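Only one structure is covered here, and it is reproduced in the block below.
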Amino acid sequence: MTDLTSLTLAEARDGLANKSFTALELTDAHLEAIERARVLNAYVLETPAQARAMAREADVRIAKGEGGPLNGLPLGVKDLFATEGTRTTACSQILDDFKPPYESTVTSQLWRDGAVMLGKLNNDEFAMGSSNETSRFGPVVNPWRRQGSDAKLVPGGSSGGSASAVAAGLCLGATATDTGGSIRQPAAFTGTVGIKPTYGRCSRWGIVAFASSLDQAGPIARTVRDAAILMHSMAGHDPKDTTSVDRPVPDYEAAVGKSVKGMKIGIPKEYRLDGMPAEIEKLWTQGAGWLKSAGAELVEVSLPHTKYALPAYYIVAPAEASSNLARYDGVRYGARVEGRNIVEMYENTRAKGFGAEVRRRIMIGTYVLSAGYYDAYYLRAQKVRTLIKKDFEDCYAAGIDAILTPATPSAAFGIGEKAGADPIEMYLNDIFTVTANMAGLPGIAVPAGRDAQGLPLGLQLVGRPFDEETLLSLGEVIEQAAGRFTPERWW
């Protein structure tokens, strides 16, 4: 029998439909794989009893010829999504053993469509990080290794657990969130596919907030088709989220394999950075060549305000975080550290409950929102954000269908490798991805090649608002040309 954990989500769906195996067998295979791969630290909570119960229910539906599009398919859930009655901590000590009394909209839609929950996945604390090293549960290990080395590498962040689990065959797909690149960067580091949908496409209700005007939920999967299948269930209007957009959800899977002939692909000159590694430059050129061979037209474009995106992002995001994280005070839920009075209790709780990176970002955010600096920093960053959005609008108005860029400035680096470095060095990992968040646009990261040490590298496509379908069509061209990427099992 085929190793059930090596199947794509689409293959598993077809296998269940033609009764090659049961949902329970599929779920058990993944639960066993999770047990064998605990060294990766991808899961912070395993839910085997719940998973088996959901799988049995799926098998009953299959026997009756009923069930939704994800019936019996085992998924992992980033620990940022509220799961009713199941511990949700955002991988922070301050949320301690919090069990939400409600389910996030995105996960409730997955369960509505028949998916099975295997457990909660590790992430950077409150989704703040680019390496999954800030989690209270410890770092996630990338299933990929450099050739000839057993050094542990980061999977990227903040959705490192999601990316690592998908790459290692510990789930068929996973939920993730992207505030400045937290879906696309881990996908690029692990040889998986990650989609950050248009802002407002997927509900944010029930997702622990980092920066509300930037956060967006999306899937990480093994293939473009798998990501499209998950997107269909995750997307949709939600009246509980005021930023959710009421427009029909298209058949994303139908876009996979569609011709890209005649599409105009923008190649932004500002993304050619000083000191860019030659292999990233080569990968980008190669990806553009694949799209051209498929019938697309390449056009050099200008996004002149790109150079301001990263500094503006690191003003806007911490400002929103300092506001969102003000609610964690130890009064109603989560951890509480007593003090002589209520103010001291707040201070003790927040000092002990938040990790160093979260404290750093709260302090930056509070500083830029303070009376003396609001105009100089926050207001100016919001103006820059408008200019970044206009750069993209001008490109699309000129007939560009999507923009092709590298996904990351390098392949995965070692755990602890940047621990003593200036935090800005870590923030530079987001250099190619933050613009899509600042402009609210959809982006996809697709594996496109490997570096000299055998590690996966990804390319990014950024599209028009609510045109994820074009990204899926283009992404599949790159996927077909580059082939599938699977790490060699060492765990």
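From the backbone N, Cα and C atoms, a Cβ is placed for every residue, glycine too.
According to Swiss-Prot, the protein carries these features:
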- Lys78: active site, charge relay system (ACT_SITE)
- Ser158: active site, charge relay system (ACT_SITE)
- Ser182: active site, acyl-ester intermediate (ACT_SITE)
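Here the features listed in Swiss-Prot are painted onto the structure.
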residue: Lys78; record: active site, charge relay system; CB count, 10 Å: 32
residue: Ser158; record: active site, charge relay system; CB count, 10 Å: 34
residue: Ser182; record: active site, acyl-ester intermediate; CB count, 10 Å: 37
Ser158 (active site, charge relay system) and Lys78 (active site, charge relay system), Cα-Cα, nearest whole angstrom: 10
Whole-number Å value for how far Ser158 (active site, charge relay system) lies from the residue listed as 'active site, acyl-ester intermediate' (Cα to Cα): 5
Lys78 (active site, charge relay system) - helix vs strand vs coil (DSSP): strand
